[in-house]
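According to TrEMBL, the protein has these features:
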type: TRANSMEM; residues: 20-39; note: transmembrane segment
type: TRANSMEM; residues: 46-62; note: transmembrane segment
type: TRANSMEM; residues: 92-110; note: transmembrane segment
type: TRANSMEM; residues: 169-186; note: transmembrane segment
type: TRANSMEM; residues: 216-237; note: transmembrane segment
type: TRANSMEM; residues: 290-307; note: transmembrane segment
type: TRANSMEM; residues: 352-377; note: transmembrane segment
type: TRANSMEM; residues: 397-415; note: transmembrane segment
Amino acid sequence: MAAPLLKSLAESLGSPEPAVRLILSLVIGYPFALVYRWFLFYQSPTVLHLFHTLSGLALAVFNFGSQVYHSAVCILVQFLMLRLMGRTVTSVLSSFVFQMVYLLAGYYYTATEEYDIKWTMPHCVLTLKLIESAAEGCSPDVGALPAGGSWLLLLTTGASCVLPAMKRFAVGFLFLVIYAIFSPYYPDSYFLTDEFEAQPFWYRCVFMLLWAKFNLYKYVTCWLIAEGVCILSGLGYNGVAEGKHQWDACANMKVWLFETTPRFQGTIDSFNINTNEWAGRNVFKRCRFLGNKALSHILTLLFLTVWHGLHSGYLICFSMEFLIITVEKRFASLVNDSPTLTRLANSSLYPLIYVVQQFLHWFFMAYSLVPFCLLTYDKWLKVEMFIFPVFQVQMSVYFLGHVFFIVAFLSVPYLRKMFVPKKER
């Protein structure tokens, strides 16, 4: 009965049925959270575990049907490994290998040339959680302890979570409306048309920039609405700071920073926060024995590349991230060390500088996202060649984003000689 209704709803909205199911699941989380708070908050742990297990399974089956058995298998295997091997290095390595191989096998057998909402989407997050469940036993994270204390503090203070939850829902719904209105005008498929190829250079650049901006809003929408559910259930409570209750324990977005930062690092710090923090804790910090931050950074991004999937576009996207962040840090250091550039950055010209920074920031963000979203090399390669036609030179010359940042990287030593006094070098 529900399937035909959902199919009709999806057709009327012009959206794929799996996407409609996903959004409905996020919204259904709010009444589930209210039932939990109003009727079950002070019940026994057994009752709470049953409620969360059954409601979670219901939502999973609603979205992915019988495919939820993949998650059940991985959870069971993880449980057995921890029980039989204990909190040992062997269990950590075994957990990492099994969970990643299972995830990659899922990617391999379900992959298409398009983005699909299938069981591998939530399973990739579950994979991180299961790997960390073994890793934390060998390297306990004392930083996680305050989270438990903050949740208990919520019980004793009676802090109201309804208003903060509704605020996140409202902001998420606003982004959903913006995405629904504008995304049809900026489809991924347009990049591959002859019409796009025939457009002037400036049009292709502006189209790419706006496409990236609106395309990211689908992620922002899901994370904000889900965060509201976490707040309403109490999971989002993060203690008191400066006399105010904090509800950002489960935050995956810093909306204001995301919308206003002119720097690439600012976007990374404000977008998909939880995954970035997981990678920092479990990959970057565990590579400290290498004694090289750049190498640790590369290995972290390489892990994230594989974790996202097997398409070549992910590798290109994350390699661009490393290049861009490296160049940005070097230029930030250059500006800080140069009195002339510091005065210029703090002068009345800053509003103009900010606008230029924002344009370059979002344009090259878009340049990096093209491979990420088009996935396969035969698509993103064509787009980036059309965006940057430089006569009939070698193919690599067409990649203006790569050329721009490589040239910028190589120019930093010469710019330091020009703008930084000798005593500051």
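Placement of Cβ uses the backbone N, Cα and C atoms for every residue, glycine included.
Nobody curates TrEMBL annotations by hand; they come from automatic prediction.
In terms of C-beta pairs under 8 Å, the stretch of 92-110, 169-186, 216-237 lying closest in packing to the transmembrane segment (20-39) is 216-237. The recorded stretches the transmembrane segment (169-186) and the transmembrane segment (216-237) share 3+ CB pairs below 8 A when only pairs 6 or more apart in sequence are counted, and are therefore in contact.
Simply put, out of 46-62, 92-110, 352-377, 92-110 has the most Cβ pairs sitting under 8 Å from the transmembrane segment (290-307).
The list of residues near the transmembrane segment (92-110) in space but at least 6 beyond its ends in sequence, with Cβ under 8 angstroms from a Cβ of it, reads 70, 73-74, 77-78, 81-82, 85, 116, 118-120, 123-124, 127, 130-131, 133-135, 137-138, 306-307, 309-310.
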